[in-house]
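Here's the structure, in structure tokens; my notes come after.
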């Protein structure tokens, strides 16, 4: 094989060409602004997105499915969104559902119909769907329920999923048996065969699974024609948006940091990356195009379903937060568990996401309390631990170290600027800000967008 090189085997390097100069990086391209949950979800991301969407040209969803739930109040009308980006309300804005989202088409159209009845108009002119997004089938939802029953029988506990088929769909995606919107847009006979094969696979694993395959395929054929005008190649769509004329592009995270499949309280998590990395993979954009990253946190903590919750208050305080905060899940209708603000999880979420600012919501819920506690650190066997435990058995055992603040005992719901807030509330906010090391840009004191006090 080896032979000596001769002068004819390559160009002469006695006078090599000058070294290529490094091309300067073009930082003038459009950057995307990202809004992410910093706790266990339900922090009020929809409200922050809605606030920013009024000035945005494009609002994107990058992960999750209709297991997410955002409520937005506009002109005293409440809109509930699960798959649609909250920006769909803005008539000047394009809403984009990216490739990282899993889409249940009957759920999408049911959501559209409900919001049309509340006054949503012209959505079909401003909704774009990535052709690479995976499809959630009805049988994925059935499998989700069967898996929960199985977990309960085998382990005496389940995960507490929304039974929306999200986990089974992402599992299909990872095992390369999933079907995408682009498959639905192509040869329907080939698509039908692949759906039938997938159903057979599931029925071999879950003999109790009953599926009306022909019925589901008939519905999907109808949905295919309804969404066909909305479907685009998402990578090219985002590339054009970033590299074209100046645009404000907003990304609306679903779920939250502590529900992230990698960084959350596993296994009591969702099935996607709801931290900042999911923005790049869920839209097909490079990290260099990410600009501001806003974390959203309540002024206290809530979580839905099962799993460790160190600052949970199983007492009158927890009940008061639940009642005053109307803490019921938008998607599930389940009561949320409530507790004090946990700065360990906020700092942990910041480590992963690199928040450039925070929105602190629902401050007004704390108005009636005599004293307010904040979780500062975790201890195990009396010793502080400098990290957020990965293992759930360990997390269940941590002892929380609290800082106690006097309550302000004043109604803050009418506050519209920083100086309207009582000094004790201001002290609470500044303490949180200083401890996390991230500026608080908004403070929420009510349901509507007018109730978001902008600090800078």
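Just so you know, glycine gets a Cβ as well, placed from its N, Cα and C.
The active site, proton acceptor annotation in TrEMBL covers 42. Other Cβ atoms within 10 Å of the Cβ of residue 42 (active site, proton acceptor) number 28 in total over all chains.
Of all Cβ atoms in the protein chains displayed, 24 besides its own lie within 10 Å of the Cβ of residue 70 (active site, proton donor). The feature active site, proton donor is assigned by TrEMBL to 70.
TrEMBL lists 173 with the feature active site. The Cβ of residue 173 (active site) has 102, 134 as same-chain neighbours under 8 Å, each 6 or more residues away in sequence.
Among the features that TrEMBL reports, GTP binding site is placed at 41-47, 69-71, 336, 362-364, 444-447.
Residues or ranges marked as IMP binding site in TrEMBL: 42, 43, 44, 45, 67, 68, 69, 70, 162, 176, 255, 270, 334. Neighbours of residue 44 (GTP binding site), defined as other CB atoms within 10 A of its CB across all chains, total 22.
Contacts of residue 336 (substrate binding site) defined by a Cβ separation under 8 A and a same-chain sequence distance of 6+ are given as 42, 302, 303, 304, 322, 325, 327, 328, 329, in order along the sequence. What TrEMBL lists as substrate binding site is 42, 330, 331, 332, 333, 334, 335, 336.
The feature Mg(2+) binding site is assigned by TrEMBL to 42, 69.
Taken from TrEMBL, the feature region 'Disordered' covers 1-26.
Cβ environment of residue 47 (GTP binding site): 72, 73, 361, 444, 447, 449, 452 lie under 8 Å away, each six or more residues apart in the same chain.
Its Cβ taken as reference, residue 335 (substrate binding site) is surrounded by 14 other Cβ atoms within 10 Å in the chains shown. Counting only the Cα atoms, the space from residue 71 (GTP binding site) to residue 333 (substrate binding site) is about 13 angstrom.
Of all Cα pairs drawn from 42, 43, 44, 45, 67, 68, 69, 70, 162, 176, 255, 270, 334, which the record names as binding IMP, the longest spans 34 Å. Of all Cβ atoms in the protein chains displayed, 13 besides its own lie within 10 Å of the Cβ of residue 334 (IMP binding site). When the binding-site residues 44, 332, 333, 335, 363, 445 are screened for a C-alpha within 10 angstroms of the C-alpha of residue 67 (IMP binding site), the residues that qualify, in sequence order, are 332. For residue 363 (GTP binding site), the spatially nearest entry among the recorded positions 69, 70, 162 is 70, judged by CA separation. Fewest Cβ neighbours within 10 Å among the binding-site residues 41, 69, 333: this applies to 333.
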